[in-house]
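Lifted from TrEMBL, the feature list:
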REGION    1-21  region 'Disordered'
COMPBIAS  1-11  compositional bias 'Basic and acidic residues'
REGION    60-94  region 'Disordered'
TRANSMEM  104-124  transmembrane segment
DOMAIN    141-275  domain 'SLC41A/MgtE integral membrane'
TRANSMEM  182-204  transmembrane segment
TRANSMEM  216-243  transmembrane segment
TRANSMEM  255-275  transmembrane segment
TRANSMEM  287-307  transmembrane segment
TRANSMEM  319-339  transmembrane segment
DOMAIN    355-498  domain 'SLC41A/MgtE integral membrane'
TRANSMEM  411-429  transmembrane segment
TRANSMEM  441-461  transmembrane segment
TRANSMEM  481-506  transmembrane segment
Amino acid sequence: MSSKPEQKETHQANGAVLPIVPVNCLTSPDRGQLVEPSDFLGPDGDGVEVVVLESRANAKGVREEDALLENGSQSNESDDTSTDRGPEPASPLKETSFSIGLQVLFPFLLAGFGTVAAGMVLDIVQHWDVFKYVTEVFILVPALLGLKGNLEMTLASRLSTAANIGQMDTPKELWRMITGNMALIQVQATVVGFLASIAAVVFGWIPDGHFSIDHAVLLCASSVATAFIASLVLGMIMIGVIIGSRKMGINPDNVATPIAASLGDLITLALLSGISWGLYKELESKAYVNPLVCAFFIALLPIWIIIAKKNAATREVLYSGWEPVIIAMAISSVGGLILDRTVSDPNFAGMAVFTPVINGVGGNLVAVQASRISTYLHMSGMPGESSETAPRKCPSPCSTFFSSDVNSRSARVLFLLVVPGHLVFLYTISSMQGGHTTLTLIFIVFYMTAALLQVLILLYIADWMVHWMWGRDLDPDNFSIPYLTALGDLIGTGLLALSFHILWLIGDRDSDVGD
């Protein structure tokens, strides 16, 4: 890195050899005290000009630390602009509970209406022939809807952190991050989509003992095609959202993951329904279409792998990022098995329309919290480094929800959004006459209890999991969100099914089931 030409001329005119000192060398290890000016005096006691070079690690911490640490002692004036990485982004305002809520509210509502739309679509397509005769498609629903949590939300969190710490400030860095991450999620989407179809076949075969090779190939083609196309579309949208957020001075952590979820559920479910229906229609007359579709998308894998391997930002995830997405897919598939067993039962009328809503809202809120905590930790160092901000012990509920730090404040804000958000979404479903069910007071009470308990559990697990992974040299952006959204699917579906069962036992559902 070189200084400006004017500086070079001045240095030569002074006839002195000037020290080149990084910014983080001017401070003590805790960055709280500057080195004394006398340390940089010339031989005759005269002052010597010092060229200050800002190190990349220090730049990322100083630039965005005040955005998350409201009472931080760092001054934004310590940022040096003599770098070749382009203009510094505007430093965002310090975040209060009100500012967090204001930034999260609109994306949260948008995401919620996306899940409502997905629920309405599922309520309609559950009566299609492909869903009646190939019921394993229901097992694919949470797995593929959760795929946006495994891939798109992880992508959004990863890019949000990169934007916040200054790794997307120049066009060259931006293009490198885009190409590498888009290729990476295509690899992950194809592989996870294929594995999700295998899980659906296995979970569908175990209870009934019936196996059809034609249905298995249909599930494989539908799952892989849906995962690939949905990831491509949503990945491009995410990149646009994060770039736009930075230019508008909004913290991408607050808006990127909910917007990914808002369109993710609807687009993924619409694609799954349309593709599976079309392939089912071709099953009898053109049986070769299904295996041809599988072969086409799998044949593209080597291209995406080569592109992702060439990018240093995604190479590590390409090798080590499989465990969370695969385990998360298996967890979501268990939730899909619950949905498959309950959606056709008249006593569980309404499960189809409410399941995407409760799962989507819980997953959206916990993804925002996990992304924020991850960014907070990245500003203190690198994964695995010992830090007071990354405790290894399991946190207490009081420290998670009632402490004074910014992450606890955001947890309270996100938790308080659950009831008003779900009331809006329930009213929307009721006004559109979805779910073949009437909303009674006791149903709303049980539904809200399940939703609050789900989010409470998820936010607590997020606080523990992100810090735990950080302390074990795992990047939470790549590892935490898949587990959390999958747990949200399983917990949400299980609690909702339990609520419907209790309501059926006490007789509340008998008079509410429509035609």
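Quick reminder: no glycine exception, Cβ is built from N, Cα and C everywhere.
No curator has checked TrEMBL annotations; they are predicted automatically.
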Whether the transmembrane segment (287-307) meets the transmembrane segment (182-204): three or more C-beta pairs under 8 angstroms: yes
Which of 104-124, 182-204, 319-339, 481-506 contacts the transmembrane segment (411-429) most, counting Cβ pairs under 8 Å: 104-124
Close approaches to the transmembrane segment (182-204) from elsewhere in its chain (Cβ under 8 angstroms; 6 or more beyond its ends): 135-137, 139-140, 143-144, 147, 150-152, 155, 211, 215-216, 219-220, 222-228, 230-232, 235-236, 239, 294, 297-298, 300-301, 304-305, 307-308, 311, 314, 317-318, 321-322, 325-326, 329-330, 333-334, 336-337, 340
Residue counts (helix, strand, coil, in that order) that DSSP gives for the domain 'SLC41A/MgtE integral membrane' (141-275): 120 helix, 0 strand, 15 coil
Chain residues in Cβ proximity to the transmembrane segment (319-339) (below 8 Å; excluding those fewer than six residues from its ends, i.e. six or more beyond): 138-143, 145-147, 149-151, 154, 184, 188, 191-192, 195-196, 199-200, 203, 351-352, 355, 359, 478-480, 482-483, 485-487, 489-490, 492-494, 497
